[in-house]
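Peer 1: First the structure, which I've put down as structure tokens, then a few questions once you've had a look.
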Amino acid sequence: MDSQPIDALEEMEGREKRLPLNSLHVQKLLLIVNRLHVLLHSTALAFMFYYRVCFLFQPTETREGHELLPWLLVSASEAILSFLWVLDQAFRWRPVSRSVFPERLPEDHKLSPIDVFICTADPTKEPTLDVMNTVLSSMALDYPPNKLHVYLSDDAGSPLTLHGMREACKFARWWLPFCRRYKINNRCPKAYFSALEDNAHADFARSSLYVADKHTIKEKYEAFEEAIKTFRKDSASSRDHPSLIEVIQESTIDDVDNVKMPLLVYVSREKMASHPHHFKAGALNVLLRVSWVMSNSPYILVLDCDMFCNDPTSARYAMCFHLDPKISSSLSFVQFPQKFHNISKNDIYDSQLRSLFSVQWQGMDGLMGPVMSGTGFYIKRASLFGNCASKGSDLLQQKDQFGSSNEFGSSLDRDYTSESVSDQKHTLLEESHLLASCNYEIGTKWGEEVGFLYYSVVEDYLTGFMLHCNGWSSVFCEPSRPQFLGKATTNLNDVLIQGTRWHSGLFENGINRFCPLMYWPTRLPFLQCLCFAWLTYFPLYCVPLCCLATVPQLSLLNGIPLYPKVSDPFFIVFVFIFLSALVKHLLEVSLTGGTLHKWINEQRIWMMKSVTCNLHGCLDALLKKFGIREATFVPTNKLEDDEQTLLYQMDKYDFRASNIFIAPMLFLITVNIYCLVGGVYRVFLVGDWDKLFIQLFLAVFIVTVNYPLVEGLLLRKDKGRISKLVAIPVILPTLALLAFFNLLGNV
Ligand SMILES: O=c1ccn([C@@H]2O[C@H](COP(=O)(O)OP(=O)(O)O[C@H]3O[C@H](CO)[C@@H](O)[C@H](O)[C@H]3O)[C@@H](O)[C@H]2O)c(=O)[nH]1
Ligand SMILES: [Mn+2]
């Protein structure tokens, strides 16, 4: 794999042969535990399948009392669950962790430049002040300012955002020197001013000069805040607007005030309703092109507007991998975990996506590297040009792939020079407008082979997947202090809407030409392939979970046993599988800092998500596949809502969610409660409890874990409860149906 030769890299090879910039540790104990669990659990699964298969092949006469259809449904559910379980084990095969030694990096003047890309889409959902805080935190990264270039993409083309950028830039002239002088850790101003403890460097924290300076800066910040709040101008429509590119701040090395500032550019691409704009991937590709004619840095940090830099060292940490001669030639990106600043202790919605970012990505890191996660990653620019951009390749061919900008064509071959912007400002700005226009990509390979890929609303997953298929690797870097902090969705409706988008996007990639299983063995190693496959297929949890929340219960109501009797040796097999899965999950939760509460919450939200957003995601993907529905990307809501936040902090579900989510949950809980009551009654009458024990237990388990639903329906009085208006039209017909079914069974 060829990559841009970097001076610093060569330098490194010569100078610091013995001192590595990073190190990798295999987590041996965890590895052993995981593999042992795989062994035991899979043996149990084999016995379970043996039991199921034997049943299906036994002569029909001996099948007394058993009905074929429910058996088949339950067996199929078990097969799907086992399939997903197998895929999931690939993440647990070789968990690793990494350390970095940034103090061993070459001197500042030898470091490679970095472009920072930040995307925003809608100022009504993404408060401008927060977006600007993200911008400021990235400008203040601990990196030579003349080697840092910050680009903001504004998909709404909003005057408010442009205004915000100008104000942010003014404030930055105060903020950046302040952060550097006092070695502030927390360089997002909003977070800094609201932090409980002061995080200036210990040398200064108590000096009177610092206290005075802090006071001045605080006033400046409040003025900046005010300037954004009081800005009144009709927001332009977000659908149609021409491109607008403005260099807010040129890169200054030594200004009159001696303030060193990174380059700051505002980019709003052209948008027309008649042109597909490909959401975030489209925005990032415009930034790729515009930045290419302006700063053309070999490395790029991508950030969502809701995720600020919580620690200024991330750039240097990332360079510890990118400049490591051992891995750098095939390394595409360094991914930091998504961490969030608004997570409550027990995290009822699993908003932090614990398993993804603290178990699964570590596991992939031990294979080929984690999946690109949309935000908080440092990527090598060259890796985004697929196999198209080998240096010095034929200019005509390049135009086919990259489009017809002359500047752009020539910059493919050009290495970064710090003068590139100021030199030919006018031609460059004109050129940028061409690069940000709707028509530019027509007939090129953008979004297909070049840049961030368009085929999916989870552009991050897909782009990362194709990079791995093309032989690039990635690295997961998880220092103890979170480098980036974002805003997670913390109310049921937002969580489920976001989940629907993700699951639809992921599942879609499992059933189209990007199906990971087809890329093995030629393009992907086996275990990496299983990881990707799990990511595209886990939305399928909806099938077994919907089945197992209805079929065994209805069978219980009618006295049809579907599992072995308590006295049957196979009973142990089922008990073992159930316990082994739960205990393993509990172990992982506690190893990653979770509580017992968190564990139950994760079980519950897994069930809730499976029967709602997984289901909707799968259906949405299928509809898209058959051309019935178009892709949409509804950005999440980033506004603060005190009432919702309070409910979340108190571990109370906010059931004011769309009916399409509440209805399936209500339906299933009603079925379970009804069948549980009916089942217990039946078992008392007939006395065949040992035949139906597992089914009884399943209903008890589901109802207990989902007790908050019952509470929300019957006991709660606050605004987050389930409204009777929503509940009655679901519950009454369900009860009628069940009663009818019950009668039918007793005839
Ligand atoms: O047309 C669009 C839509 C979204 N965005 C931006 O994309 C980012 C992510 O959107 P958000 O609403 O925050 O969605 P999340 O679900 O929180 O995002 C996660 O999931 C996305 C894929 O669905 C990834 O792109 C993100 O990086 C990842 O954090 C935000 O900065 C948006 O401003 C655009 O620039 N243009
Ligand atoms: Mn987000």
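Cβ coordinates come from backbone N, Cα and C, glycine included.
What TrEMBL says about a protein is an automatic prediction, not a curated fact.
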Peer 1: According to TrEMBL, Lys125, Glu126 bind UDP-alpha-D-glucose; which of Asp88, Asp108, Asp142, Asp155 is also listed for that site?
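Peer 2: TrEMBL lists Lys125, Glu126 binding UDP-alpha-D-glucose, and from Asp88, Asp108, Asp142, Asp155 it also lists Asp155.
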Peer 1: Would you list, in sequence order, the residues of this chain other than Lys125, Glu126, Asp155 that have their CB within 8 A of the centroid of the site's CB atoms, where the site is the one recorded for UDP-alpha-D-glucose?
Peer 2: Thr120, Ala121, Asp122, Pro123, Thr124, Ala156, Cys305, Pro635, Lys638
Peer 1: Which of 71-88, 526-551, 571-587, 660-680, 722-744 shares the most C-beta pairs under 8 angstroms with the transmembrane segment (29-51)?
Peer 2: 571-587
Peer 1: Applying the under-8 angstroms CB criterion, which one of 71-88, 571-587, 660-680 scores highest with the transmembrane segment (526-551)?
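Peer 2: Between the candidates 71-88, 571-587, 660-680, the best contact partner of the transmembrane segment (526-551) is 71-88.
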Peer 1: Report the binding-site residues (Lys125, Lys280, Asp304) that meet this criterion: Cβ distance to the nearest atom of ligand 1 under 6 Å. Use sequence order and write none if nothing qualifies.
Peer 2: Lys280, Asp304
Peer 1: Filter the binding-site residues Glu126, Lys280, Asp304 down to those with CB closer than 6 A to an atom of ligand 2; keep them in sequence order.
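Peer 2: Result: Asp304.
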Peer 1: For Glu126 (UDP-alpha-D-glucose binding site), just count the other CB atoms lying within 10 A of its CB, please.
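Peer 2: By my count, 25.
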